[in-house]
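Asks: Below are the structure tokens for one structure; questions will follow.
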């Protein structure tokens, strides 16, 4: 396999996008630590910005540098709730979601309940003064405050009911309230300035109560849908971990994907709040699962898979290979970690960006179409989140992949030692000088000092405080009956007596601070530092710091452990044996030294502690019979499942193949012939043995690469196709292509399906020939056919019994079941149905003395030439025909029509009859059938009956008419070898892979038609070469090879 990765040939836009992505990824991967730190710090700063605006106080109105700003009356209505009372509600309070602006003539019956929260020990003495000062102002009336409405014992509350139309004037009037003492006054605090370092707990408690309230009043269907959405989201996350585990990472890559997504969401939320786009927390709670389900984690998985594929191609599964014609320096440059990431981006970057653009475009369209709805706001947030996620994928996550590959390279044998010997200062593909390290240390220390200086600087908070205060999330709505129960009760009594419908808007309590001669008393109770420091003092801030500390410790430990991997070679040899999954396979012919006695290795194997067993020790266990050769895959899979290292099932199977090769090479009875198998040119790496295990082959020691060509294109039933052919016979594909060209000149080939039914013929034994004859009569009767068909059809959705053919030989009875099998070739399907049908025959037909000699009595007849298949057909019965113009026969086939007709009669008809041929009235149909069978994963043995073919030619109006009739074509598009990746790709080439979505069996029938058309092309070209006398010359020119050489 050529390890050189070739770049695609993209179009203009794709080329420019890929080039830009290469530059971005290359820069990020060559400075991984910088990229990780900048991303983490940016996300942390944005996270604190969101917390600052949402939960905590910036107190910009209380700071000595604050500017006087006009009162934003509308902001005090955030979180308010309106209730109504009247005859329509049977004089009971109910939540009223209508607009708060009343209709004309009803303003007197729309009240606002305002609670003033006044701090300070002297407030009790000032309450009479305040009541007299504020009562009657703009129609305000004092009501009895609700008990426990104050947040702390040293706070007092005053409640007023104000006509809603006078609310603006009332709030402006109470912005500053004088105290009974001349030096004291209360100043109104903006809703955005509420809170303290303890407000996060209050916010969480309020959010929990609000959540319970919404759950209590929500519809059951809504709760079920939301629950299912979160369940599906969690399943998506679990699927991410499973896929990453399959790719070789148990935890860290999947966790990095989730961390990158969390960073993207935090940054997107920060941008959204900065743009003054309100974010509805309820819609956010409901919408995030659908965003995760819609977008998923396919793009990070796609990039990860591409990176691993490129690294595998360049490093050759642990052995660095130098491609032919490339110098060692070029190879070394191609194998640098950043270059690997860039090559992966060349392959998949454009497709990932295209997917991102489509998703972002759809979300942006939703934001534009619904700019004032919560759905539009969520689309705005989701679009920004996806855009930032795309940026982080090619920077932050690409850097994580770079670190992962670097650790893998360091831990691989010879990785760090060889690199250090030639490039002692190369890290992440970037040459690092000692002076650069010194500068990096100085910058780190200087940045640390600068951060602390900014934390203590008022200028920092003056700038950042004004910026952070703009991004807030809407608060939780107030509970009217909890905050203003007494006021609502008084209004209720008045409205009930007067009989007027009344609406009341309950505002959240207005927070005040007590100032004395310009000194903020409340401010002295706060922490010394505002801004970011408050965020760090909050419980969530502490949790984030602890999480960052844990991640830092784990990452440093991982990197230090990787660096130590090669520091102590002897310790590494004991910790990572030669048989580990990252090691280079051992040589079977090299002298081996067993480090442990056989008894110890056997004990480890029996006690399920075989993780430390090396390849050589496992080979010795195989040779001593402690591990059966056929069960190596199961044994290695069990060892991998209990391993502490991340070992995939595919890696376990590949290791099993490697060990089996070594065991076969060392088997004493065959060592004189098989000793070179382990180091032979038979390949075994880079193959998906998971598909082979339990399905296609046992005792696997590798795979055979078979040359694959395509003939055509050929027009078959109006559709042009390339026909894949796997063969080692020269001229075959070229000859078929010439036949395709000639057939296309006449309009292409036409095919017909004459029959579709697979057969199985069991052999039954009876006590006497008379009982066998009675059984035959019962099977051929309508009752017998009905019983057998019912039992047979119940075994499969696709198997449907068509006909029963019965033959008797003495006491033996042969029944040939013919049935449809869908898109499968169907031998297993029909065997299961025959077994059940015979059970029904013995039980319901009255033949308990019947004995099944064999399920296949050669009356099928399977994998052998038989007249019953030639006459009655088996599998698909297909005919393909074409008409070739006389001019094409002369120009392309280099012969004439009459010569071809005569040759076909003399050779294919008379000659085959003289030889007593059975189904062999053709030139070389088996050649074409077998080549297509091997290419598409069909059963090679069934080439025997599938190649039964008669070729006919006739001169019609001077043109050549040619046809092939093949009564027993046995093919399928599911099961067997069609599950292998390469063979499945060839079925994709023909458009017939898998089961047909709407018409069962259509893909298999189409494949049979294609094989018959390929035989038609091969027959035409070969007969023409024979007629023109070119066959020998063609084979001498194209089918001659030099003697085989053995690579040393």
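Including glycine, each Cβ sits where the backbone N, Cα and C put it.
So Swiss-Prot has the following annotated:
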TOPO_DOM  1-32  topological domain 'Cytoplasmic'
TRANSMEM  33-53  transmembrane segment
TOPO_DOM  54-220  topological domain 'Lumenal'
TRANSMEM  221-241  transmembrane segment
DOMAIN    222-403  domain 'SSD'
TOPO_DOM  242-250  topological domain 'Cytoplasmic'
TRANSMEM  251-271  transmembrane segment
TOPO_DOM  272-276  topological domain 'Lumenal'
TRANSMEM  277-297  transmembrane segment
TOPO_DOM  298-348  topological domain 'Cytoplasmic'
TRANSMEM  349-369  transmembrane segment
TOPO_DOM  370-377  topological domain 'Lumenal'
TRANSMEM  378-398  transmembrane segment
TOPO_DOM  399-439  topological domain 'Cytoplasmic'
TRANSMEM  440-460  transmembrane segment
TOPO_DOM  461-542  topological domain 'Lumenal'
CARBOHYD  470  N-linked glycosylation site
CARBOHYD  520  N-linked glycosylation site
TRANSMEM  543-563  transmembrane segment
TOPO_DOM  564-1048  topological domain 'Cytoplasmic'
ACT_SITE  729  active site, charge relay system
BINDING   735, 736, 737, 738, 739, 740, 741, 892, 893, 894, 1034, 1035  CoA binding site
BINDING   796, 797, 798, 823, 824, 825, 826, 827, 828, 829, 830, 831, 1039, 1040  NADP(+) binding site
ACT_SITE  863  active site, charge relay system
ACT_SITE  939  active site, charge relay system
ACT_SITE  1035  active site, proton donor
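Quick one: how deep are these features, and who are their neighbours?
Replies: Non-local neighbours of the transmembrane segment (221-241) in the same chain are 215, 251, 254, 257-258, 286, 288-290, 292-293, 296-297, 301; each lies 6+ residues outside the stretch with a CB under 8 Å from one of its CB atoms.
The average pLDDT for the domain 'SSD' (222-403) in the predicted structure is 74.
For the topological domain 'Cytoplasmic' (242-250), the DSSP counts in helix, strand and coil order read 5 helix, 0 strand, 4 coil.
The helix, strand and coil residue counts that DSSP assigns across the topological domain 'Lumenal' (272-276) are 3 helix, 0 strand, 2 coil.
Only residues 6 or more beyond the boundaries of the transmembrane segment (349-369), in the same chain, are considered here, and those with a CB under 8 A from a CB of the stretch are 10, 14, 17-18, 21-22, 25, 294-295, 298-299, 302-303, 375-377, 379-380, 382-383, 386-387, 389-390, 393-394.
Broken down with DSSP, the topological domain 'Lumenal' (370-377) shows 4 helix, 0 strand, 4 coil.
Away from its own ends, the transmembrane segment (378-398) comes close to residues 21, 24-25, 28-29, 35-36, 39, 256-257, 260-261, 263-265, 267-269, 271-272, 275, 277, 279-280, 283-284, 287, 291, 295, 299-300, 303, 341, 345, 349, 352-353, 356, 359-360, 363-364, 366-367, 370 of its chain (Cβ-Cβ under 8 Å, at least six residues beyond either end).
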Asks: Hey, how far is residue 826 (NADP(+) binding site) from residue 939 (active site, charge relay system), Cα to Cα, in Å?
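Replies: Cα of residue 826 (NADP(+) binding site) to Cα of residue 939 (active site, charge relay system) measures 11 Å after rounding.
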Asks: Looking only at 739, 826, which of these binding-site residues has the biggest number of Cβ atoms within 10 Å around its Cβ?
Replies: 739
Asks: Can you tell me which parts of the same chain pack against the topological domain 'Cytoplasmic' (242-250), counting only residues 6+ beyond its ends and a CB-CB cutoff under 8 A?
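Replies: Apart from its flanks, the topological domain 'Cytoplasmic' (242-250) reaches 257, 297, 301, 304-305, 308, 404, 646, 648-649, 651.
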Asks: Looking only at 735, 737, 796, 828, which of these binding-site residues has the biggest number of Cβ atoms within 10 Å around its Cβ?
Replies: 735
Asks: Residue 735 (CoA binding site): which of the binding-site residues 796, 798, 828 is the nearest Cα neighbour?
Replies: 828
Asks: Could you give the Cα-Cα distance between residue 893 (CoA binding site) and residue 828 (NADP(+) binding site), in whole Å?
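Replies: The separation of the Cα atoms works out to 44 Å.
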Asks: Between the Cα atoms of residue 830 (NADP(+) binding site) and residue 863 (active site, charge relay system), what distance do you get, rounded to the nearest Å?
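Replies: Cα-Cα, rounded: 15 Å.
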Asks: What residues, ordered by sequence, lie under 8 A Cβ-to-Cβ from residue 824 (NADP(+) binding site) and sit at least six positions away in the same chain?
Replies: 798, 972, 973, 974, 975, 1004
Asks: How would DSSP class residue 830 (NADP(+) binding site) in three states?
Replies: helix
Asks: Count the other Cβ atoms sitting within 10 Å of the Cβ of residue 741 (CoA binding site), across every protein chain shown.
Replies: 18
